[in-house]
């Protein structure tokens with residue numbers, strides 16, 4: 001269950017705390033942000049208001065509207081001095097801009113200072129895909145057969161991971177599938193509501209269908225048509241954390257690095273498709289990326305992989321005069 005920042009933990013006047021609570025509710029229910037993002041945005045706002053309080057400014061709505069660009073730059077500088085990464089600073093600024101837009105929509109005024117502050121530059125980290133054999137193995141229940149867990153739990157985890165690698169889903173998208181939409185039998189496509197409320201159609205290949213069917217055949221809990229396809233041991237919605245723990249177990253069994261995460265399976269889906277001459281636009285549609293530039297990161301991954309293999313295999317690679 002989502003634990004957003006309680007209004008009483010925010011510094012500031014009551015009207016500001018109420019506005020913050022309403023904003024977080026909108027992010028969750030209307031914008032459909034992930035639980036982690038809503039929690040992070042609430043934390044970013046709390047840290048900013050605490051910074052204003054330390055600086056002597058009253059953290060209320062009029063004070064926010066009257067902010068100067070230097071106030072925001074001082075906050076960013078203070079956070080950077082604390083060792084906060086550029087990526088986290090960029091998210092904090094996005095959170096403040098989101099809250100400012102909420103205040104504007106509610107008639108509280110425009111926080112114009114935010115438009116004068118640039119987002120910090122962040123070097124885009126290349127995704128780290130898994131080797132094909134490792135990705136396939138992670139989606140197999142046989143790898144964890146020795147664990148003291150019910151067979152249906154192992155089958156469930158394998159089905160979720162098969163959807164991540166075999167269909168390129170985000171973990172939240174896989175766990176959001178309803179029972180009546182389970183890709184089994186004649187159902188070989190999924191309608192996925194992804195980031196930004198964008199809907200996309202995703203084909204489901206036979207091995208993924210088989211993994212889901214295997215799970216359904218052994219799941220001991222009743223699964224109502226409009227309820228979640230994947231459930232926990234007590235029959236409630238499956239938590240992403242449980243999937244992350246399953247992947248951690250698989251990392252140990254397969255000897256994989258810490259970068260082998262559930263999201264790495266989605267990266268692997270894209271990179272392996274591209275390596276097989278997949279069309280970049282088609283991969284963009286399958287992943288649900290709003291921008292082709294986001295998908296083009298995988299061309300860099302594939303090029304880097306090929307160059308690395310060349311450097312390792314060719315005796316004169318990288319040498320002067322080669």
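Numbers run from 1 along the shown chain.
Each Cβ is built from the backbone N, Cα and C atoms, and glycine gets one as well.
Annotated features in Swiss-Prot:
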{"type": "DOMAIN", "residues": "14-104", "note": "domain 'Core-binding (CB)'"}
{"type": "DOMAIN", "residues": "125-311", "note": "domain 'Tyr recombinase'"}
{"type": "ACT_SITE", "residues": "170", "note": "active site"}
{"type": "ACT_SITE", "residues": "195", "note": "active site"}
{"type": "ACT_SITE", "residues": "263", "note": "active site"}
{"type": "ACT_SITE", "residues": "266", "note": "active site"}
{"type": "ACT_SITE", "residues": "289", "note": "active site"}
{"type": "ACT_SITE", "residues": "298", "note": "active site, O-(3'-phospho-DNA)-tyrosine intermediate"}
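Within the model, the domain 'Tyr recombinase' (125-311) carries an average pLDDT of 79. Counting neighbouring Cβ atoms within 10 Å of each of the active-site residues (170, 266), the lowest count belongs to 170.
Annotation note: residue 170 (active site) sits in a coil segment as assigned by DSSP. The DSSP breakdown of the domain 'Core-binding (CB)' (14-104) into helical (H, G, I), extended (E, B) and coil residues amounts to 73 helix, 0 strand, 18 coil. Taken residue by residue with DSSP, residue 266 (active site) is part of a helix.
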